[in-house]
Amino acid sequence: MTQGIESMKILDVDDDIYLIENKRSYSKYSEWWKKPSIVAALCLGVLLLAVVIGLMVNFNNQHYSTKTLLQNSYKNLTKEQERIKANFEWLKSKVQVNLALNGLVAQSSHGSENAHKAVDGDRSSNYFFGSCTHTDKDTNPWWRVDLRDVYRVRRVSLTNRGDCCPERLNGAEIRIGNSLENNGTKNPRCAYVQIPAGETRFFQCNEMEGRYVVVVIPGRAEWLTLCEVEVYGSPAVNLALNGVAVQSSLYGNNKASDAIDGLKKTHHEACTQTQKETNPWWRVDLKDEYRNIAVSLTNRGDCCPERLDGAEIHIGNSLENNGINNPRCAVISHIPAGESQSFQCDEMEGRYVVVVIPGRKEVLTLCEVEIYGSPAVNLALDGVAAQSSLFGNRNATDAIAGNSDDNSGSCTHTQKDTNPWWRVDLRDVYRIRSVSLTNRGDCCPERLDGAEIRIGNSLENNGINNPRCAVISHIPAGESQFFQCNEMEGRYVVVVIPGRKEVLTLCEVKVYGSLTVNLALNGVAAQSSLYANTKASDAIDGDRKSNYHAGSCTHTHKDYKPWWRVDLRDVYRIRTVSLTNRGDCCPERLDGAEIRIGNSLELNGIMNPRCAVISHVPAGVSQSFQCDEMEGRYVVVVIPGRAEWLTLCEVEVRGLPAVNLALNGVAAQSSLYGNRKASDAIDGDKSADHKSCTHTQNDTDPWWRVDLRHVYKVRTVSLTNRGDCCPERLDGAEIRIGNSLENNGINNPRCAVISHIPAGESQSFQCDKMEGRYVVVVIPGRKEVLTLCEVEVYGSPAVNLALNGVAAQSSVFGNHNASDAIDGNKDSHYHAGSCTHTQKDTNPWWRVDLRDVYRVRTVSLTNRGDCCPERLDGAEIRIGNSLENNGINNPRCAVISHVPAGETHYFQCDEMEGRYVVVVIPGRAEWLTLCEVDVYGSPPVNLALNGVAAQSSLVWNTQASDAIDGDKDSHFHSGSCTHTQKQSKPWWRVDLRDVYRVRTVSLTNRGDCCPERLDGAEIRIGNSLEINGIQNPRCAVISHIPAGESQSFQCNEMEGRYVVVVIPGRKEWLTLCEVEVYGSPADNLALNGVAAQSSLYGNRNPSDAIDGNKDSHYNSGSCTHTQMDTNPWWRVDLRHVYKVRTVSLTNRGDCCAERLDGAEIRIGNSLENNGINNTRCAVISHIAAGESQSFQCNEMEGRYVVVVIPGMEKWLTLCEVEVFGSPAVNLALNGVAAQSSLFGNRNASDAIDGDKNAHYSAGSCTHTQNDNNPWWRVDLRHVYRVRTVSLTNRGDCCPERLDGAEIRIGNSLENNGINNPRCAVISHVPAGETHYFQCDEMEGRYVVVVIPGRAEWLTLCEVEVYGSPPVNMALNGVAVQSSRYGSSKASDAIDGDKDSHYHSGSCTHTQNDYNPWWRVDLKNLYRIRAVSLTNRGDCCPERLDGAEIRIGNSLENNGINNPRCAVISHIPAGESQFFQCDEMEGHYVVVVIPGRTEWLTLCEVEVYGTIVVNLALNGVAAQSSLYANTKASDAIDGNKNSYYHAGSCTHTQNDNNPWWRVDLRHVYKVRTVSLTNRGDCCAERLDGAEIRIGNSLENNGINNTRCAVISHVPAGETHYFQCDEMEGRYVVVVIPGRAEWLTLCEVDVYGSPAVNLALNGVAAQSSLYANTKASDAIDGNKNSHHSAGSCTHTQNDTDPWWRVDLRHVYRVRTVSLTNRGDCCAERLDGAEIRIGNSLELNGINNTRCAVISHVPAGETHYFQCDEMEGRYVVVVIPGRAEWLTLCEVDVYGSPAVNLALNGLSAQSSLFGNKNASDAIDGNKNSHYNSGSCTHTQNDTDPWWRVDLRHVYKVRTVSLTNRGDCCAERLDGAEIRIGNSLELNGTNNTRCAVISHVPAGETHYFQCNEMEGRYVVVVIPGRKEVLTLCEVEVYGSQAGSLS
């Protein structure tokens, strides 16, 4: 041994280090204190010496007798012996033994002999002295010591090499545990290592339990050198030794306790053993709760080790099902015979440990079970208790005294309080895992029934408002019960009995959990500015003192948007942020502050996602905010939108480290460069030097991928870019996440596009919990080098829901069970025993019951690997809540084309909701084998549980809340069902407290009686409380729910805050035992928007209306306010296009609520006129002070939401605007682009890359050559209904190139798609701007941009396409055909499969029939836009030539007689062709080959259109009389049951002229009326009936216009009658001219709303009275009370008049007037309605439509105007002085067609580049240079002419004169009309002479139905220039020319 060290630690006593100075050489052989035998000899020697000394002292100093001396010496010797023994025991207790000295060592290379040098007791650090171990340069080198038993390790010390190379050990990890997997390197980590040369460092391991201590250097190749390893700790106690064991049965004389006797003998006689039984189990009761549990099992050694395969270890506090239902710690794959294996249970807590073999009959043998863990600390013991009241001498602390004896005076007790409560303050915030309650045992256990456990940080309402952990159904007398709280965070635990008066008694409350770490304490703080001597770190010093002058509060200056930030130094999942406000003054300063959390430092972190808005924190108080595990490194507190001081006295942040999932992943990439590896990007090293970065070749579309090994919900991906060069290489890269390896994973959904990451920096991307196993980074669309220096992936495991499910299948084969497919084992070899297998069944199925309803995102299937993978081909995955047909009838998630042998494929299910997942092979006999099924998703939250319930009345002691208590007990007397009185329209309602998108509502019906009471009830959902919410839109009608059952109703994401159940139309009791509501929060899109307004008032900002604060008091600072503007407006830019469903406005509450009256909400994509010109969603009549009101916008699409008060000068104040909707999907992003030519390196796809950068050189704009008619096209891949197309023009030059371009949309590729219908003409898009074009749901697959008529370059920087897929209605139809050929079926043509090869089995085929036909019944009436046919591809396409498509409602002649949509000339083999049907209406679509004998083959028929709404369903019915208990409404109940006694047919008495009528509530254009006749008798009664439609109730509506006479409707049939868009509010069925019974089983009315043209008009009147306006009569409000503010009013004028300018010429059919209702109805008597185009005498000289005799007060009367043509509608009271009051004027009609638009124009000469056609281009721009005015030379008698192409009766001609000069040129011109071209038509008859048209104006000229084909404008008798800016011609066709 060479030179030793001068000082060395020899003993570790009570953590004090004792050193011995030693100047001489020192070796391990002199370490006597480490030898137990030497220590014992030393102690014995000391003892003997003491005896001798004692004898000598007694002998010399005392003179007693020998006996006395001996006795005293013996006594003294005994005392000394005991003292020395005690000292020795003390010495033993203080000596910390180095456990490593007796261990067994190993390392990754150079064997155990070398490895032993690290445990030789010698800390010499010079390698060459021979006491240091050393490996080769291994990848992940390791060293391990086996301590030979399990220890609780407190500390580990390592001595590093001192003579060189100390850095080698940097980054090493110490791992401790019981596993040898991967040589022990997978065990839990104790510490990271960094030690200077030659030094010894100690690492605290906090009593980690394990047998193995491992030192490993992960992630690189390195030499591992250790000069000494010391391990200090104490033996881990085997908790099982003191436990009590039981098991499912006993075999022989074995006992359950044989497995916990401490003997590991593996012969069966020393082991416990059960009988051979199903699900055998063994359990040990540890007698108390423990945590951090590890379980070791020793298997039988003399035989049969496989018996234990598949056993499970369960741990918990429950004895339900013998403890088997407790959470699972581990599944035992295999333990070899006689061996022991340890299983980590990761902080699982419990009293019971259970071993069970589930799912089969087996013998369970265990030779030893060892359990290691630590006691779970009862946090309540140190808490402070309080309660609602005290009873007797009981105290709240009695429940936390640690005594569970219920008879010993250790139970707390309250008075009989309402909502009694008990609370314990744990003194700090903990993560609560479980709460145990002990109930009173001597009486009254039922008192605790229904109590709730609440946990949180709030003392509001005594803590009762904290989140709920559990509801206590029942705890038997004297028993204890555990409740799992899933690590809920809080300081207070509350037990409360809500909703009744009760005594609360608790005999013991135990709380188990762990302390939450305040992450902020180790953070680094910064803030916007410093005030005085404060520091940002004052808010994270651990001191909550709230007096500013105490020096522990941070403080900024009065900054605009002041902020404070803490850098937590790593990414965490933040659960809670707590803020302590200043206590000595100014707490209001913090009001409105926001907490933001994320990984970005952009704008100092203010742009990170928001956790919470702080309404108010009282002075000196601490308040906690829940952040729901938001992920981030930075926590920011900011006060947005104002200048303020920001003071924070303490900020506490609690959460968990975010695990970088990539570290354990497996990486791959497209290619390798140099010695770089894909794994370099997941080595944990962010060094931006390229040596630690991965690197590909210069590949096309280079990619890098990490396999996370399991499916995760990925929240964040962070990328570190190369720092030493070339950061731009990563620009445009994409992150993709999913479960597919198709195209190397590049096809997975996209999380983010990377615009740019600066050199060496890291950037985080939010992925919103996207689910997937693979994370891919790809640079698409170019050749590039891909370099990544680090990729970090943060998220949480996606839970496989199937593991806890219950499986079943159609049959069982062999000894395989359905549960084999959900055992967590993907072994695909059938004989390995982990695959399920059915018999060869027809439609074999397998099903898993998930035990609850989930939103299923992904299902993965593992196919059999050893044979027969094709058996699974064609299988379907079905998901839903129904067990009908074994669940096969549930909606389909996916069809499985093929899963290769042994592989796992993932199927996306898009959050389908259901409890059951079914795999079925439909349509054939097959074996179904599944080796594993994984199901990923999330539980839908029952929103009703936190709602507030109300109902129409109460009976007995029920409450409305009984239906949302989470209890489905359907026995009324159990007390969990709500119940109303017997009343008309009883209702129940839950307020969800916020707006949600409701997917499903589930109702549980009463089970003990009367289930039929709920029949016919309706579920209504919306935001309105009008009539108690009953008027909200209907989700469903409940036909019947059997007694005690629950039924779910799909609501298709209807949006609303209120869910109402109502029984309409009868008197009934309403009983509901449970209502569950599932959905998702409706995101308030406005919160992330950018606000602007017309002006600013005071210090208010537009953003005050989108701050999330609904405080309606103006001075609170959360309401926006404008100046008193004309047309004041407020606008929010949502930043993207959305489909807006609802807008909610909160009005000012402290004054002036009426200011908002008449405001309008406008939505769209235009900023023209500040967005005011966008489409109107709603007019706001009135919002009460301080209230919020929601307005339905029906998925209007737009980026901008505008609130404007039009037509007046007002202040606009909004306290909150909320916008709810969903993103409008840009369909172009997934399209395929093409264009007419390519220029440079630009591609057509550059215009659909999602990048709107308008600078051409940035590389994101497409560019063609200078082509004739250049075009660009995107193939959307499917047919869509396109609503909007947006184009972004080039910004760096040349924007005019796009002028005149057209957008074309359709399904044709003829002429490259240019021939498709036109959506829009682009006049001009300024440089770099984006313009939106409305396409009105045009249907098509192709969107084309073309510049027609010239040679041009076409450049597009981005094209966005918004729309929705059209539904193929044929898929749900029923098909029939004229005959069948072979095995084909008519339904083969509507199976969704376009395979055109006949023998593939997806084409229908008839015999060689005469007039063969095929028909689909769509099951409802639709307006058909397009039909697509796919022709046979393998032969004979010509057979379909000449076929016709017929659409209608008739089955006469098999439907062939219906109107024709199209004749098919030819469809090439295998191709699909679309036929436009122009919204033909029909129930049936027929394909027929007329006029010849032929085979008809169709491989697919698709039908696109929209359902025709039955207007009658929402109508109000009446009839001439009632018979028996029928009602008029029976004919509009949606039920076509034609059997009279079924109760759905109406019936009159035997009346003269019996009638039935429905009031549609509004005026409609009625196209079709269908009548269903009685089927059980008397069909002839309806013969001769008439259908009448109109707006009059005169003679009960019978005098209205006749639509049809009913000749005969056979019994029980439905017949359709065409009404040709007759306009009316009332539909009447009458049997005229005889006495008859009128019976109707159903009346359907189809049509469209008649547009009230007045709503968009401009009103004027003869004078104004008070504050009324002319526009009050066209505001859509028929309130007839003058003081309500919606009636116009003139002065007492002579001939008073009111006029509306409709803005265009219309053919007016009907005008309705609503008269004043509160007085003076007679004033309107004698008024006249005048219609025309003239403003002469204010329009009074126009033609008269009607004279008003009398309109009763408050009523609305309709006046027929017989399609009079005009732009102006005037109401005048002629011939007297009168007040004119109108409460509403409605005008109905249709646009008058401008005949000139389709005409051919000519003129006497041309000037410049003007054409005659410029006057008929539809553009009235009167500025000559704008290019829309025609112009002749200075001719004699100049003329202009339009050829209308047919002879018309011309009523009106309008001329628009030039506006920029020379208006007088047109004076004296004449309009001539006729059929002659003689003298260029100037000899035709004269209509009018034009005296004068002022510059830029339009004048109308009446031509009194003059007949002619040609309209000529001529200036006769002088030389003149003729200029016309627009000519319009209105009239009707006169017939053919003679």
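Any Cβ shown, glycine's included, is placed from N, Cα and C.
Annotated features, as they stand in TrEMBL:
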| type | residues | note |
| --- | --- | --- |
| TRANSMEM | 38-59 | transmembrane segment |
| DOMAIN | 96-235 | domain 'Fucolectin tachylectin-4 pentraxin-1' |
| DOMAIN | 236-375 | domain 'Fucolectin tachylectin-4 pentraxin-1' |
| DOMAIN | 376-518 | domain 'Fucolectin tachylectin-4 pentraxin-1' |
| DOMAIN | 660-797 | domain 'Fucolectin tachylectin-4 pentraxin-1' |
| DOMAIN | 798-942 | domain 'Fucolectin tachylectin-4 pentraxin-1' |
| DOMAIN | 944-1083 | domain 'Fucolectin tachylectin-4 pentraxin-1' |
| DOMAIN | 1084-1223 | domain 'Fucolectin tachylectin-4 pentraxin-1' |
| DOMAIN | 1224-1368 | domain 'Fucolectin tachylectin-4 pentraxin-1' |
| DOMAIN | 1370-1507 | domain 'Fucolectin tachylectin-4 pentraxin-1' |
| DOMAIN | 1508-1649 | domain 'Fucolectin tachylectin-4 pentraxin-1' |
| DOMAIN | 1650-1791 | domain 'Fucolectin tachylectin-4 pentraxin-1' |
| DOMAIN | 1792-1938 | domain 'Fucolectin tachylectin-4 pentraxin-1' |
For the domain 'Fucolectin tachylectin-4 pentraxin-1' (1084-1223), the DSSP helix/strand/coil residue counts are 20 helix, 66 strand, 54 coil
When pLDDT is averaged across the domain 'Fucolectin tachylectin-4 pentraxin-1' (660-797), the result is 90
**Prompt:** Between the domain 'Fucolectin tachylectin-4 pentraxin-1' (1224-1368) and the domain 'Fucolectin tachylectin-4 pentraxin-1' (660-797), are there three or more C-beta pairs closer than 8 Å, counting only pairs 6 or more apart along the chain?
**Reply:** yes
Across 236-375, 376-518, 1370-1507, the most C-beta pairs under 8 Å with the domain 'Fucolectin tachylectin-4 pentraxin-1' (798-942) come from 236-375
Comparing 236-375, 376-518, 1370-1507 for Cβ pairs under 8 Å with the domain 'Fucolectin tachylectin-4 pentraxin-1' (944-1083), the winner is 376-518
Grouping DSSP H, G, I as helix and E, B as strand, the residues of the domain 'Fucolectin tachylectin-4 pentraxin-1' (1508-1649) number 20 helix, 66 strand, 56 coil
